[in-house]
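Chemist: Shown below is the structure under consideration.
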Amino acid sequence: MSPEIIQPPEWAWYYIAVYFFVAGTSAGAYFIGAMEELFGSGGEREVSRAACYIAFPLLVLVPIPLIADLGRPERFWHLFIYNQGGYPYLNLVSPMSVGSWVLLIFSACALLSFLDNLVADRVISFPLFSRYYNRIPRRLYAVLGSLAGFFIAGYTGVLLNVTARPFWAATSPLMGALFIVSGASTGAAAISLYLIWRRRNSGGEVERLEAFDRVVMVSELVLIALLLVLAGRTALPLMTLPFVAMFWLGTVALGIVVPLWFKYRSRRHPFGDAPVLAHYLCILAGGLLLRISLLQAGQL
């Protein structure tokens with residue numbers, strides 16, 4: 001569908017940006033956990049367990065800003081099923097409808113993984129689930145959920161690209177790629193914070209997670225640079241206030257460059273607990289500010 005014939009959206013950052021951020025972080029965390037489940041040693045499951053405990057609770061929050069932005073929350077079901085001429089049907093042409101169905105699939109897989117770990121860790125006693133969950137291989141819904149999560153993380157960026165806003169349309173297809181990488185970074189930060197809270201932030205899995213996060217953050221910087229080059233003059237709003245503070249200082253400097261420097265520096269000179277926590281929080285804040293900046297700049 002041509003971007004020129006799609007009605008430009010009027011989105012408030014406090015709804016849609018929060019939705020993009022929470023969904024992206026959940027998807028990124030689940031994807032990391034699934035990759036560790038599929039390709040890890042199998043002996044350690046700290047990262048994959050943490051990812052499952054993060055992904056589903058975050059998904060519970062996703063419908064709140066999404067429904068609030070609709071204006072008519074009682075029509076939320078229209079995201080899944082359309083009613084035309086008295087007959088319900090699936091509209092698989094609408095990006096919003098497709099995204100809603102994939103989000104539902106991702107939520108189901110995240111719920112299965114969440115319950116799986118609660119039962120395996122003996123946090124809850126769920127005889128019915130305990131009887132049947134081993135019959136569904138853990139890796140099966142890890143694969144399906146990671147694919148759906150990968151789609152959700154990138155879909156939020158693609159959703160911007162298919163609008164009639166010059167900045168968003170000019171950055172296709174890099175916006176989706178940037179949101180995927182950013183979701184992986186914030187997902188890794190969320191997992192790391194959980195492991196610190198549980199005092200399990202050591203071992204081979206954690207070292208692999210940190211190495212992955214360094215690569216992801218460098219990739220994020222490269223994608224931001226490419227996106228700005230591709231956008232050209234349509235990116236000029238990012239050079240004005242308040243975007244200089246939000247995007248350049250908040251996202252690029254405090255959200256990527258400083259944490260990246262911290263990661264490389266801490267390999268030779270370990271820091272205390274407070275700086276470690278602070279740099280993960282900076283990554284999360286930078287991920288949120290990235291989405292706010294790109295959403296707001298595209299609507300000017």
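Glycine is treated like the rest: Cβ placed from N, Cα and C.
Below, the features straight out of TrEMBL:
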TRANSMEM  12-35  transmembrane segment
TRANSMEM  47-68  transmembrane segment
TRANSMEM  98-119  transmembrane segment
TRANSMEM  140-162  transmembrane segment
TRANSMEM  174-197  transmembrane segment
TRANSMEM  218-236  transmembrane segment
TRANSMEM  242-262  transmembrane segment
TRANSMEM  274-294  transmembrane segment
Chemist: Cβ under 8 Å to the transmembrane segment (140-162), counting only same-chain residues 6 or more beyond its ends: which ones?
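Modeler: For the transmembrane segment (140-162), the far contacts come to 1, 3, 6, 19-20, 23-24, 26-28, 30-31, 33-35, 37-38, 55, 95-96, 98-99, 102-103, 105-106, 109-110, 112-113, 168-169, 171-173, 175-180, 183-184, 291, 294-295, 298.
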Chemist: Same chain, outside the transmembrane segment (274-294) by at least 6, Cβ under 8 Å from its Cβ: which residues?
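Modeler: Cβ under 8 Å, 6 or more out: 13, 17-18, 20-21, 24-25, 156, 160, 168, 175, 178-179, 182-183, 185-186, 188-190, 192-193, 196, 217, 238, 243, 246-247, 250-252, 254-256, 258-259, 262-263, 266.
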Chemist: Taking 3+ C-beta pairs under 8 angstroms (sequence gap of 6 or more) as contact, is the transmembrane segment (98-119) in contact with the transmembrane segment (174-197)?
Modeler: no
Chemist: Near the transmembrane segment (174-197), which same-chain residues lie under 8 Å Cβ to Cβ, leaving out any that are not at least 6 residues past its ends?
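Modeler: Beyond its ends, the transmembrane segment (174-197) has Cβ neighbours at 20-21, 23-33, 46-47, 50-51, 53-54, 58, 150, 153-158, 160-161, 168, 206, 209-210, 212-213, 216-217, 219-220, 223-224, 226-227, 230, 256, 273, 276-277, 280-281, 283-284, 287, 290-291, 294.
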Chemist: Looking only at residues six or more beyond either end of the transmembrane segment (47-68), which have a C-beta under 8 A from one in the stretch?
Modeler: 14-16, 18-19, 22-23, 25-27, 29-30, 32-34, 36-37, 40, 76, 103, 106-107, 110-111, 113-114, 116-117, 121, 149, 187, 190-191, 194-195, 198, 200, 205-206, 208-209
